[in-house]
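Some features that TrEMBL has for this protein:
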REPEAT    139-173  repeat 'PPR'
REPEAT    240-274  repeat 'PPR'
REPEAT    340-374  repeat 'PPR'
REPEAT    441-475  repeat 'PPR'
REPEAT    511-541  repeat 'PPR'
REPEAT    542-576  repeat 'PPR'
REPEAT    643-677  repeat 'PPR'
REPEAT    846-880  repeat 'PPR'
Amino acid sequence: MSTLHMPFKQKIIGRLIVRPLSTFPEKNSFDKLLDNEHTFRFDSVQLPKAETSYGPESLEQGLSSLHLNAESSVEVISSILQKCKKEKNLCLAMRILVHVHSFGLEDHELVGNHVVPMLVECGGILRAFSIFHKLLYQNEYSWTSLIQGYINLGELQTALELFQKMQCSAIVPSMFTLQSLVKVCARLECIETGRQMHIIIVVEDYEKDLIVANTLVDFYAKCGFFEEAWSVLMELPVRNVISWNSLIAGHVQHGFMEEALDCFVKMKCDGVVPDNISFICGLRGASYVGIHKVQELHTEIIRQGFERYFYIGNSLIDVYGKGGLLAEALEIFDELIAPDVVSWNALITSYAEHGFYEKALFCLDQMRIVGVCPDDLTYICSLKACHNPAMTGQGHQLHSQIIKEGYDSSFCIGNALVNMYSRNSLFDDAWKIFHKLSIKNIDSWTSLIAGCAESGLSEKGLTCWENMCAEGVSPTAFTIVCSLKNCCALCALEKGLEIHLMVVEEGFERNLFISNALVDMYAKCGLIVEAEEVFKEMPVKDIVGWTTLITGCAECGCGEDALRYFDEMLLEHIFPNFVTFLSISIVCSNLQHVDRGQQLHIMITKVGFENEDVLKNSLIDMYFKCGLVEEAQLLFKKRPDSNTTSWNLVISGYADHGLGDDAITFFEEMKEKKVSPDDITLVCALKSCSSKLSVNKVHELYLDIAKFGYDKDYFVSSSLIHVYAKYGMLYEAYKLFADGSARDIASWNAFFIGIGYAEYALEELLKLCDLLGRHFIAPDAVTLSCILKACANLVAKVEGQEIHSETVKRGFDLSPHISCSLVDFYSKCGLVIEAKNIFDRMSERNVGVWTSLMAGYAEHGSNIESLKCLSQMKLEGVSPTAVTFLCILKGYLSKDDIEKGREIHSEIVKYGNEKDPSIVSTLVHMYGKCGRVLDGQSVFDGLPLRVTITWTSLISAYVECGCNEIALNWFEKIYEDSLVSDAITYLWGLKACSNLILMEKGQMIHAEVVQMGLDGDVFLCGALVDFYAKCGLLMEVQILFNSHIGEDSLCWTALIAGFSSQGESETVFALLESMECLDMVLTDGALLSILVVCSHAGLVDIGLSYMKLFIMYYHASMTIEHYNCFLDLLGRAGQVDAATISAENLSFQPDFVTWRIILGACVKHDRLEFGGRALKYASLLS
């Protein structure tokens, strides 16, 4: 209570009210006045200026001196209210308010509009709000104070609502008010309200003010509206570093890192010198663009003298650490005079994020040793080092330490613990900590959802999302991104669509990270069109967005679209990153785009990614799949320190191209270089054993398998069973079952698949089925499918039909896999009607089953049906593959089929299969068979890469057309492509030499065959026998034959053909008797030789008897070549009338050779009446 007398206070106030409001006693003068009441003269009071303020004591005295005369006290009270506002003393403010209330002045226009700001500044905003609404008139001062008060309290939405009411009151906001409210809009991302502010700023002519303009730039940049931000910036007559920093920071905030760096460059071009904030924002942007950009900025920081700024140093540690340059980060850390907690946190995070978990936790210990106390963020960063199942124990220890030091009550650390446990798949622990959190805000939920996304607990992650939404918690952009990631993992399209709808409703659709996540989600769910639509709507497309779309197209099989987007990305001057290159290399591999693949390799080399193991391996795989074996080998050998994956790719690549010996050579080299093979290596090596000649190598590989400890490995054992079964080594295969390393249904399936390739396999197949039953193992759909495949390969009709009945019995007949196998089985067995019936019952028909049916039609002469299937397949939206066209082309191998063959060729080009080596080989073969070998040559010439199979097709086409010399020229040129001839290539080379009787060239080829280790090949043996026989070297023929006697009927056929060409009829018949004694089958080639011998010897009856034997006993079909030989036999024997009648009544169309033989016989025997008819037919065909 004041000691002053009331009358004295009244007198003082009476003197004060005569002065205007703008003047007030200077500081302490009011106190002096009160202290000297006995000496003070009222008429001599000099009122000082109003700028000076009362202290707390003078305000107390001023209050005590107030008189109850309200009208004489208004200005004094207003002045005291202003002074109290500066002191921010709520108790004093409330006492003043009591006096004001006692005077009845709280709703006074002048006093009330001073009371509101005073209460706001002193912390009584609710009371201020109450008084404010009772005022009849609120001026700009009280509006601004109240709005700013709510902003300071974080009640941003309330502040905006007050502003709207202020506008309705026709009060013009001050420049300061507008600036504050624009900042609020930036924080809330209220773009429309912010634009209204902008309009008012323009109307009030504030936009040229640099501070206001910078606030607008900051607002638009933070909201992601960069065109508007740029427009405001460019309208400024002078721009300072704050202007540019706002724009740079906005781009970084929204993930537009390259654009942020562009702004940094433009700022310097504008003559504005970057400050420490510019460099910090620039470093953040550079860290996402590439480490080279970080290094460029670092150089400039040193040049500008900013390297000693503490915040700059910490930022450099952070960006180098995130970029993986941990040595550079540590070097900068060591150069800091006294690293603070921020420096340590950046270093710990860098180690944690790059998998150096132990080092991260070591830094935490060192930090304590040097006397730097960890803060909340330190523990959050350290917990990141435990985001690995192997670090679960350290995570528990760190959790205990956090509890011990009292940090467990920290809300942020609680979220980090939730994140750590959920990422380690310890969802129950994460859930317990989550429930213990005093406040579960969006960060808590996000930690849980993000952890689930990272640890593969996507289903639980989506459950958390639903619970969060049910509790009314609004997600952040990162929460949405993590939830979309969970949708991707589960292909949960419906949930993804719900999240997309929320994104649109909440105004997140312009967020770059969310847009990229949506593109990824739609692509992973197979909805490429929707992914493209989201991508096209993105205001700015960064490398992540482009890469996500490209990868999505690649994974969905839309390779051409992926390449198109890659080209568009380059046109937009966005350079690919590591992942982009990887995706495109896989696309080139799948599409076998040789040119694109080589261009991509050049780009990868230019940016220095060629030595990245993953990319290098992808390129090796691409070259192998494109048939560029030599390029794959060169790339592989560029790095002597290749890892196991690289070796596996090379071994597998050679095996896939039929170069088993090369694959095994690399396998041996791999072991010599002390590179340990894994299970995949051994399986690829087993795959390299491609013929019966590799049996010894299989035994060697088994020793390697045991040596490297994979003899009990399920995957390797199953592959070994398959190889053993395939080469008829059934004892060894069954021994693996007894060993117990592979004794489940999948291993039996491998057995069945392999046995289907064995020559004598039908009996063994039935034994194996019986054995399966005796082991009480129920066959599954795969087993039955494998058995059907074996039956199809062996044309075992009865057994296959029994398996069909078994599939019906077990309810597998409707299985797509079984249905495909049944169609294949019936097609290969010639039961095309049954195949078509099963095909028609299938609800879904893929390209494989269409191809099987078409192959059945083509192989059994129903070419028209085969083409109908192709048309129907395309109508149903199924695209034919290279295998489809290969099957169809097999049916078009005669002159009459040339036009249809050309049509199919056009279709092949339309579907982009014209450069497939197998397709080119078959087309060359087709054109050769149709007598259009030059067309085949044209197809061959158009192939950018020629492999052995394509060379062989061209050589065989020329040989079959009688152009043996040209064939041998191409045989020589094959070595110019650095290719190795295979057995079939040598076979056709020998045939050309046989036809031309080129003894020396044939012997050279024989030497090469021996050198290549191919002299054991049955077909080559037959070709060599034929060659030496035609050259008259019967001794060599006998030596060759004796070394392979009894092995194959082909050698017998070749021997018979050789002696036949030499006119040795007695030897030919002796050989035929020997074949008969050995129960060998008479081949169509042997019959041709017999007919030739009989023709030259005039043995008509013997020739006819062998023909009858061939048709009736062997149930074989006669070809036009057989009939022509028989007609020649009749003609030479003088039976011209019989020959002519037979030619006219053949079951198929005679060719030109047929009538030339008849014409020759007519001339020889002077039978002109038949000669005229023969000439007529010959001229028509000619």
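Note: Cβ is positioned from N, Cα and C throughout, glycine not excepted.
A TrEMBL annotation is a machine prediction, not a hand-curated record.
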Cβ-Cβ under 8 Å with the repeat 'PPR' (139-173): same-chain residues at least 6 beyond its ends: 109, 112-114, 116-117, 120-121, 125, 128-129, 132, 180-181, 183-185, 187-188, 190, 193, 200, 204
DSSP helix/strand/coil residue counts for the repeat 'PPR' (139-173): 26 helix, 0 strand, 9 coil
Distant-in-sequence neighbours of the repeat 'PPR' (511-541), which means Cβ under 8 A and at least six residues beyond its ends: 224, 226, 254-256, 259, 477-478, 480-481, 484-485, 487-488, 491, 493, 496, 500, 503, 548-549, 551-553, 555-556, 558, 561, 572, 574
Counts of helix, strand and coil residues, the repeat 'PPR' (846-880), according to DSSP: 26 helix, 0 strand, 9 coil
